[in-house]
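Chemist: Please find one structure pasted underneath; my questions will follow.
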């Protein structure tokens, strides 16, 4: 996620399913009645809507639209719906689907959950293949057994599977409900050489993900990080070759913290960052600093390579509190442009390296590849887009930061997966200058221009019809790309509550019909569903999964 709220509740409770004794009995006793949509969920007649839209367009001909100064404004082009616009829906499985011991967690509950999802018309599910679990016993020692059991179960239910190559740690981000560090042998190397991980200006280290500054250096027991990721993906391919392209439909390649192509600029652990802070640049490990110095020398500006910006502020400040990000700040100077081009360019190069390897490994298997980009929507309405800049997206009032990423993904035939599809501008706090809708429109147009598929996720845990209605609207190709798939966050017991379950079923049905059935926009206006509010209200304890 950019900011992904994950549930701490794993599955539905089997005790809630009376008379259930065995999986065989489950298949014969667990059924789901056909759900009649409530009045709130009844769709408007599509032909009437089309007629109304046509009359409005005719009445507006010849009138000049009012000019508005709005960032990355996109033309509103309306297209008719067609039967080919079906959007398959996947559901994310719990973070702890595989145990620390490498086994499938609560298999009977998982079996019941998959049966329910199949009955709802869901296309499939998504699971994290944690590096910290699979390769925890030592370099090149892989344990895929729990994932093998899951894949076979998914196949029996006639579902598809999206597998995330999760090279990051679980824990320390919004909603992380368990702790899965990087492999112990990797942590041992980090303790010897702390510069292996991202570092901020104060020297604070972040062991969430290996710094991209050492991508090509054999610092991890003779292998480079890129080689380690490649060996891991190759092991997965060889172990599950018979399922690739059939059951395993998609491989999402982990590219950074939370699996996203970004820097860990807004770490929540220990209260370091709070929404809607601007975050901090993560370029102070010795490998990143050496790269910056070399780039400055090429520009014959040696002083520019000594450090990152000195006036970029701290994690929880606002743009106008800093010399770098303020309206007429250093970000728009010759030095600022040099630094931001280098910082964002390193991130795109990192994605390019990993995806080039993944493309070679999975070529010919039938599985599609995807890469995730964070939905950093706060301070989007400002000139500098400070929170995006610290995360590595050089996106400002004057520059499109998502088009270079889209072009890089297109080069490898990789789907761009984007978050915050459920968010509306009016739900966000005014002081944060958010615009998730504007950000999504911009990314949709970037993917259309680059010729790359776009898939989506919701960033926060939502069950209301308003969020589903927003996703349905976003899934259409009214401006930029429509969605090729949508993955819902996340499977838990609350999802199966009566009203929540009915909303999901209706949503899946509407997506399967290309969004022709529109859900109402109620249950969303005036809500406080931004990440800070969610975190403040979350009183559930984080379970620690200590690796042995």
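Sequential numbering from 1, following the chain as shown.
Even glycines carry a Cβ here, placed using N, Cα and C.
Where the annotation comes from TrEMBL, it is an automatic prediction and has not been curated.
The substrate binding site annotation in TrEMBL covers 128, 168, 176, 372, 377, 419, 458, 459, 490. Taken from TrEMBL, the feature active site, proton donor applies to 260. Feature annotation from TrEMBL assigns active site, proton acceptor to 457.
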Chemist: Between residue 490 (substrate binding site) and residue 457 (active site, proton acceptor), how many Å separate their Cα atoms?
Modeler: 10
Chemist: Counting other Cβ atoms within 10 Å of each Cβ, which of the binding-site residues 377, 490 scores lowest?
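Modeler: The binding-site residues 377, 490 were compared, and 490 has the fewest Cβ atoms within 10 Å.
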Chemist: Could you round the CA separation between residue 457 (active site, proton acceptor) and the residue listed as 'active site, proton donor' to a whole angstrom and send it over?
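Modeler: About 12 Å separate the Cα atoms of these two residues.
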Chemist: Give me the Cα-Cα distance between residue 458 (substrate binding site) and residue 260 (active site, proton donor), rounded to a whole Å.
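Modeler: Distance between the two Cα atoms comes out at 14 Å.
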Chemist: Give the sequence-ordered list of residues that share a chain with residue 128 (substrate binding site), lie 6 or more positions from it, and have CB atoms under 8 Å from its CB.
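Modeler: For residue 128 (substrate binding site), the qualifying residues are 93, 95, 97, 164, 166, 170, 259.
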Chemist: Quick one: Cα separation, residue 377 (substrate binding site) versus the residue listed as 'active site, proton donor', in Å?
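Modeler: Pair distance, Cα basis, whole Å: 15 Å.
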